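**Student:** Quick one: this structure, given as structure tokens, is what I'll be asking you about.
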């Protein structure tokens, strides 16, 4: 099983990077300390728990006194400057709310504002040295790129005082080691120390301790074990105890945060009268089937979840959204910490939280922000049980949406898939491992019908994030000596954790196109776009126009009219069109770009523009039971940044054969008065209907979330006028509210309340 790395905290026993800033402030370190006068007298170090050598709480020594930095107004640009002060090339992230534990002493800097190009932190704006209104619960940390500045010397790292640390934790089955199905949920608790793996003495071991260990290993809860069985077993086995006196409160995110003691090397009597600590963890619903506990999980009645994660690249991570008054909304990141994040993770069936994310690190939501200043103790069963503040419009923005990364059980799924032949580890021909009859063997996947949804599952199983492309031909990637196709007919919904959970042909493979050149491949990415339609604008701008046929020749050429238009008496007569504006936002973490390059765009002479995607949007009129009575489609004849948020610059413009796309934080507006921005309802009879708009309907371009690509509205058409109301994104309502929407009987009058 894969162990979870943790470090023991001791305020004096950490590996501290004490870096002389006169050597490390710039890519070309100067031997003359006077050239770094800005940082004269300052020293920097990384501290805290649990952490790796290139991350931690930032501490600064000034006038002989060590202190911290407050996270107010802290940005990635400030992290870049501090990482260079610490001897690293750049920052890859930063943390808030004392993720690495609260520091001690002074808080030297507050409201730190850097552009990212400063040679020293002293060149950044702030409230002044020692002037702060923060507490140490707001200490900032940085995550630096694990790459040193040229000229960095190991002599700049000072190891203060070495103490034993709990580096990794695992559960080892007492019997059948190596033959148990994954994930392993019950067994002896073992910690890895410098001299190897050791057991933990169970004297004083409590359910709180088990709760912390299970959370670290990806399980939401624990259950009692058969103590008599393990006592009897312990008498027949030899044990090596390295840890005792563990006392957790149950709310810790890591075992290293609990009170604990190590045995000394000269301790001869270890754990007298005791035995090895044992835990039994309860897996969440996603992992219950593989661990043989599915029946037990299903026996518990479960209502609709009131918390969910959106837009995460990996299972157990994403933007936190909560259900209030039948509508989903986000959580503001003010005072968001590991305790609150762990409550969310356990509520969703994962372990404790690895990270509490702020600043919309998992993309911005849209719509309501339901909660702010959530303060959990860590013992709550639901985020809604935590004290919180009901938010008002001016309190928070979606740029402050909170997110989480949860601990997950180790299933070994990533060991059954690999990529070959690609230019990097994120791309290549997909190879899967199958067993029987005979030994395990690697093979290829037939490329027939392989698309974005299948590629999303493959990238998720590989641990490589999202899928940029799902490829049906991979002749340009060398397959090596693997030539056998072992899987075909793969069809995924996009939510599966591994390819073997998708539908496929089984042991007998069938390929329309044979040969290794027609096998499946992927290109994965840690980021993806996320398109969302502004539903309120559709409702506000919808109206009917009777448009003369002589003005619709170009629209007919692009198939924007109903099929009955072909038999109309051109150019006489008219078509009845339901017009509306659509404003499409990119709220993801990568630009939305057409799948096809400019060389393959199609020029349409009539309208005088290029189509980068043949079908970008579907427009449909449905009966309440889902029957389609009118349809339209929109080609992406101009994907561009119409407007952007204040701090975002436009990148895409269609003029002069320019690049097409939608930048993160921007939106593309298709006005109601342009061609094809309609549904031809000439043949629709009066009645109550559903207006449905679906963006990127064929999943041509990968997104972090496809569930929010559809928008629906109720509408009443009396033959002359139309009333459009109750417009909402497909996943914005609760399940019950969606059922009410679908059972909506329609308007008996033209008055809409």
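Just so you know, glycine gets a Cβ as well, placed from its N, Cα and C.
Automatic, uncurated: that is what TrEMBL annotation is.
As the structure is a computational prediction, the values presented were derived from the model and not from experiment.
Got these off TrEMBL a minute ago, pasting:
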type     : residues : note
COMPBIAS : 290-302  : compositional bias 'Low complexity'
DISULFID : 70-134   : disulfide bond
DISULFID : 83-144   : disulfide bond
DISULFID : 114-124  : disulfide bond
DISULFID : 248-258  : disulfide bond
DISULFID : 332-396  : disulfide bond
DISULFID : 345-406  : disulfide bond
DISULFID : 376-386  : disulfide bond
DISULFID : 492-502  : disulfide bond
DOMAIN   : 44-145   : domain 'SRCR'
DOMAIN   : 169-282  : domain 'SRCR'
DOMAIN   : 307-407  : domain 'SRCR'
DOMAIN   : 417-525  : domain 'SRCR'
REGION   : 290-313  : region 'Disordered'
SIGNAL   : 1-25     : signal peptide
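Help me picture these features in the structure, burial and contacts included.
**Tutor:** Counting every protein chain shown, the number of other Cβ atoms lying within 10 Å of the Cβ of residue 134 (disulfide bond) is 18.
When other Cβ atoms within 10 Å of the Cβ of residue 144 (disulfide bond) are tallied across all protein chains shown, the result is 27.
Listed in sequence order, 209, 212, 246, 247, 248, 249, 252 are the same-chain residues six or more apart from residue 258 (disulfide bond) with CB atoms under 8 A from its CB.
Long-range neighbours of residue 332 (disulfide bond) (same chain, six or more residues apart, CB within less than 8 Å of its CB): 369, 371, 372, 373, 391, 395, 396, 400, 401, 402.
Annotation for residue 502 (disulfide bond): spatial neighbours 454, 457, 490, 491, 492, 493, 496, criterion Cβ-Cβ under 8 Å with sequence separation of six or more.
Across the domain 'SRCR' (169-282), the model assigns an average pLDDT of 86.
Secondary structure of the domain 'SRCR' (417-525) per DSSP, as helix, strand and coil residue counts: 17 helix, 36 strand, 56 coil.
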**Student:** Among 169-282, 307-407, 417-525, which stretch has the highest count of C-beta pairs below 8 Å with the domain 'SRCR' (44-145)?
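**Tutor:** Per the Cβ count, the answer is 307-407.
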**Student:** If you draw a 10 Å sphere on the Cβ of residue 70 (disulfide bond), how many other Cβ atoms land inside?
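**Tutor:** By my count, 24.
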**Student:** Cβ-Cβ under 8 Å from residue 345 (disulfide bond), same chain, 6 or more residues apart: which ones?
**Tutor:** 215, 220, 316, 351, 352, 353, 404, 406, 407
**Student:** I need the CA-to-CA distance for residue 376 (disulfide bond) versus residue 134 (disulfide bond), whole Å please.
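**Tutor:** Cα-Cα distance, residue 376 (disulfide bond) to residue 134 (disulfide bond): 20 Å.
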**Student:** For residue 114 (disulfide bond), what is the tally of other C-beta atoms lying within 10 angstroms of its C-beta?
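**Tutor:** Result for residue 114 (disulfide bond): 21 other Cβ atoms within 10 Å.
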**Student:** Counting other Cβ atoms within 10 Å of each Cβ, which of the disulfide-bonded residues 124, 406 scores lowest?
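**Tutor:** The disulfide-bonded residues 124, 406 were compared, and 124 has the fewest Cβ atoms within 10 Å.
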**Student:** Could you check the disulfide-bonded residues 83, 376 and say which one's CB has the fewest neighbouring CB atoms inside 10 Å?
**Tutor:** 376
**Student:** May I ask which residues of the same chain, at least 6 positions away in sequence, place their Cβ under 8 angstroms from the Cβ of residue 386 (disulfide bond)?
**Tutor:** 340, 343, 374, 375, 376, 377, 380
**Student:** Between residue 124 (disulfide bond) and residue 70 (disulfide bond), how far is it from one CA atom to the other, in Å?
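**Tutor:** About 14 Å separate the Cα atoms of these two residues.
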